[in-house]
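Read through the structure below, which is laid out as structure tokens, and then see the notes.
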Amino acid sequence: MKIAVLGAAGGIGQALALLLKLQLPAGSELSLYDIAPVTPGVAADVSHIPTAVKIQGFAGEDPTPALENADVVLISAGVARKPGMDRSDLFNINAGIVKNLIEKVAKTCPKACVGIITNPVNTTVAIAAEVLKKAGVYDKRKLFGVTTLDVLRSETFVAELKGLNVSRIAVPVIGGHSGVTILPLLSQVQYAEWEEDEIAPLTKRIQNAGTEVVEAKAGGGSATLSMAQAAARFALSLVQGLSGETVVECTYVEGDGKYARFFAQPVRLGKEGVEEILPVGTLSAFEQKALEDMLPTLRADIELGEKFVNN
């Protein structure tokens, strides 16, 4: 199985390359691409780690050599958030980057599963879908917004707050991947009993956790290391699914449009990518209201991406 990382010289990309070199199944191929000339050096650096994963690095304007025969493409290219910016401020730069890269994916490896990490994910996934559709190669089972970091943060914060073993915690997170569109379903967490006054502040902390890191890094970057771990977890689950194992992850995909054209919820991964989109289950009154309140924002984010490609 061949995995390509586009944006591999960045803060997320380098850490993601390291994690995948360590954790991909033996015999996998890892292909790193970035516009930055350092990229072959990143590959050389990571190649010295003794695992049975072959690695190559490519730099320059054209990602085509990195994409040839790729089964999975992970896109983390783009600019990162700085203090005072929200994910939508990134749109003007990152939208064009994602569009250009997806045009190359459509030409070179149209059957690959594509995981979009580049923010604003609510919008960049819609851009990717429209580009693939224009090229006549769109398969909604194979396009994903990587929202796994919201799940990781939810698991961590719940375990900390409740003094629980984090390895036993599973928190479904639905909606999108920014601000109010991030909705952790805390009412569905096993082993956790909630006080009335705990849910709203914890939900808000999960929604704003990215900003917490941006501010803590004081202009020196955004959440790169935890995002790389989230992307690695998602990619490894996807590889397992493509290999015929049954795995469930929350991810932002095009489903039945019940809430919005794209929506993050638990998805069973399989040999074609999305095997089955699972129901969100029973929501508490707080969650139901939060869901209804976020939908106009989420739909507007999606429409922005569609218009970017089609106008």
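Placement of Cβ uses the backbone N, Cα and C atoms for every residue, glycine included.
Listed features, source Swiss-Prot:
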ACT_SITE  H177  active site, proton acceptor
BINDING   G7, A8, A9, G10, G11, I12, G13, D34, N94, I117, T118, N119, M227  NAD(+) binding site
BINDING   R81, R87, N119, R153  substrate binding site
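Across the residues annotated as binding NAD(+) (G7, A8, A9, G10, G11, I12, G13, D34, N94, I117, T118, N119, M227), the widest Cα-Cα separation comes to 18 Å. Of all the binding-site residues listed here (G7, G11, G13), it is G11 whose C-beta has the fewest other C-beta atoms within 10 angstroms. Using a 10 angstroms CA-CA radius around H177 (active site, proton acceptor), the binding-site residues that qualify from A9, G13, N94, N119 are N119. You'll find the Cα of M227 (NAD(+) binding site) roughly 10 Å from the Cα of R153 (substrate binding site). The separation of R153 (substrate binding site) from T118 (NAD(+) binding site), Cα to Cα, is 18 Å.
Here the C-alpha separation of G13 (NAD(+) binding site) and N119 (substrate binding site) works out to 14 Å. If you take the Cα of G11 (NAD(+) binding site) and the Cα of N119 (substrate binding site), they are about 14 angstrom apart, rounded to a whole number. The two recorded residues, N119 (substrate binding site) and G7 (NAD(+) binding site), show a Cα separation of 13 Å.
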